[in-house]
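Lifted from TrEMBL, the feature list:
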type: TRANSMEM; residues: 12-31; note: transmembrane segment
type: TRANSMEM; residues: 69-88; note: transmembrane segment
type: DOMAIN; residues: 99-164; note: domain 'J'
type: TRANSMEM; residues: 188-213; note: transmembrane segment
type: REGION; residues: 626-692; note: region 'Disordered'
type: COMPBIAS; residues: 630-667; note: compositional bias 'Acidic residues'
type: COMPBIAS; residues: 676-692; note: compositional bias 'Acidic residues'
Amino acid sequence: MAASEEMSSLFPIFILSVMGLFVVPWTIYRITTALTRQNKNLHCRCSECMRSTKYQTSLLNRIARVSTCSNLTMVLLWIIMGLLVYYIKLMTRESQIFEPYSILGLESGASDGEIKKAYYNLSRMYHPDKNKDPEANKYFVDYISKAYQALTDPVSKENYDKYGHPDGRQGLQMGIALPSILLNIQGAAGGVIVLALVGFGILLPLLVAVVYLSRSSKYTGNYVMHQTLSTYYYFIKPSLAPSKVMDVLIKAAEYVEMPVRRSDDEPLQRLFVLVRSELNLDPKNIKQEQAKFWKRHPALIKTELLLLAQLTRESAKVPAVLRTDFQHVLRLTPRLLEELMKMAVAARNAEGHGWLRPALGVMELSQSIIQAVPLSARKVSERLVATGGSADGVAPFLQLPRFDDTVVKKLSRKKVRTLQDLRDLTTEERSDLLTNTAGFSAQDAADVESVLQMIPSIHLDVVCETEGEEGVQSGDIVTMRAWITLQRANGLVAAHPHAPHFPYPKDELYWLLLADTSLNSVWVFQRVNFMDEAGGIAAASKAIQESLEGTGASDAEVITAVRDAVARVKGGSRLVMAKFQAPAEGTYSLTAFCLSDTWIGIDRKVNVKLKVLKRSRIGTRVGVTPEEGALVEDGSDEEAEDTTANGEYDDDYESEYSEDEDAEEETEKTKSKEALDEEATTAEDLDNNNTV
């Protein structure tokens with residue numbers, strides 16, 4: 001029994017050890033993450049963003065940020081561990097090893113006279129006849145008397161001197177660190193306890209694992225359902241117009257599973273009236289168009305109306321019964337748009353090329369949703385283009401505070417027709433223009449200035465080459481090296497965009513595309529994030545080292561190149577390296593796009609000319625060996641134009657495929673003619689043989 005009690009006292013130590021295995025590393029990770037977090041204000045400082053709830057830093061918000069479920073769980077676990085430490089310490093005091101000499105206050109090896117004298121002195125202090133305290137009585141009986149008996153008995157004293165215990169040599173005790181209640185199982189209670197142990201120790205973890213796996217099997221690593229990816233891959237077409245991207249986006253399984261209640265009918269009707277101008281309904285057949293709209297799946301109708309409410313900045317008028325669904329839709333939209341972009345540029349042919357036009361449409365929709373700018377604001381008239389207007393229409397201006405169509409018209413009279421024209425002015429010139437021409441107050445002008453300082457400028461430096469070879473030959477593995485540099489007037493590199501109408505914090509993301517605009521094909525694509533400087537440094541260093549390994553560069557040259565790359569990354573640049581197989585012999589006019597998913601009117605593109613020669617080198621280049629690529633003819637930075645405005649992709653795309661069809665028909669005719677000639681020759685030979 002004593003042994004079981006001793007083993008039972010080890011159970012808290014076992015629990016404390018198991019908890020410490022994950023609580024301590026978890027705590028260290030959370031603390032280091034908090035310490036390495038940047039202290040800079042990465043969001044816009046205009047009055048609209050300062051009033052936004054997502055950036056408010058009131059006391060309640062700070063408490064709410066700290067009082068997260070994970071933080072509270074961590075604190076609770078530390079409290080439990082502290083209680084266990086206190087309990088273990090208390091149990092250790094109660095289960096001290098029996099030491100007679102220490103109890104009598106003597107040193108080991110004391111004489112019999114010293115033992116009797118010490119026992120006599122302690123008896124006068126703790127004997128029940130001298131001290132009426134119950135604790136003193138217990139201490140005298142349990143400790144003092146037993147210690148005196150152990151040391152006055154010759155055998156017990158000799159055992160203690162030799163083996164450290166009055167009873168002699170002690171054997172090794174083996175036990176299980178479990179509570180005593182589990183070690184003394186009797187009757188039906190034992191069966192109940194065993195079932196409980198099996199349930200909580202085996203069945204419960206197994207059930208949790210089954211539920212987790214069943215749910216995780218439905219989602220990708222980006223927490224998007226696999227069914228959604230399949231739907232996007234099926235409905236994306238090469239000629240998908242930007243205005244039709246919304247129809248594909250709302251078909252996500254996450255949106256389709258959103259409940260539609262009968263009580264939503266009237267609020268949806270009112271919301272339809274608010275956003276009807278953005279539905280592109282034919283005014284000549286308005287009734288038929290409306291009837292067709294309402295015949296669709298209720299979840300699709302609900303999702304589209306809520307997204308249009310965001311685009312038209314009517315979120316404040318969204319009925320209260322739809323407010324939760326509105327927030328749910330906007331919370332999912334950035335992730336779904338990112339996956340939709342991946343499906344647009346995914347390999348669709350034998351060369352592994354994706355489609356450019358749907359990718360541009362996805363980025364336009366993403367920018368419009370984040371900035372709450374209607375898609376109709378991106379329409380460009382021929383007159384506007386002829387007068388030097390923006391290819392994105394008035395949309396770039398509408399992302400600025402207090403700007404509307406009236407303000408844009410006033411500025412156009414002063415020959416400020418694009419966002420870049422406004423950014424090219426000095427601070428004093430902008431202030432005078434906004435206050436005198438647009439009628440802005442000093443605070444409004446300061447807000448516009450604050451946003452303009454947050455809007456980045458993008459610069460592209462793209463090179464395609466074959467590492468270790470001269471020239472590009474057909475079948476080589478070409479390495480594209482692109483440096484993307486981000487500059488802001490306020491000096492920040494990583495920042496959150498000015499998006500006061502989007503209710504959730506959103507990181508800036510950029511997409512680099514190397515595309516052939518004439519064929520509507522994307523050769524290379526890569527997502528770029530400027531928020532993670534450490535990741536950018538690691539990626540650039542690794543890429544530079546790998547690219548120089550096969551060139552015979554010395555260690556000093558490699559170190560210098562890596563140091564230069566790290567300096568460029570810290571200065572606001574990111575290195576993107578990708579490989580693709582060189583096509584057939586010819587000269588290809590490619591375009592490198594850098595597209596933002598949050599800002600309107602800052603996209604950049606660079607012309608890239610790739611000359612591929614006829615293959616003359618012996619052997620083939622396979623695996624990860626860099627393919628040969630000609631140097632890129634670096635073009636000047638241009639504003640990304642709305643290529644769908646003049647329909648160049650439609651024409652080129654159709655003409656390309658029509659040429660392919662004509663070529664296939666001619667090839668088939670040629671083959672048929674050759675087959676007929678061969679049959680005729682064979683028949684003639686047979687006749688000659690028969691004659692002979």
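Just so you know, glycine gets a Cβ as well, placed from its N, Cα and C.
Automatic prediction, not curation, is the source of TrEMBL annotations.
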Check: Can you name the far-off residues of the same chain, 6+ from the ends of the transmembrane segment (69-88), with a Cβ under 8 Å from a Cβ of it?
Finding: 12-13, 15-16, 19-20, 23, 26-27, 30
Item checked: Confidence summary for the domain 'J' (99-164), mean pLDDT rounded -> 79
Checklist line | Helix-strand-coil residue split for the domain 'J' (99-164), DSSP-based | finding: 49 helix, 0 strand, 17 coil
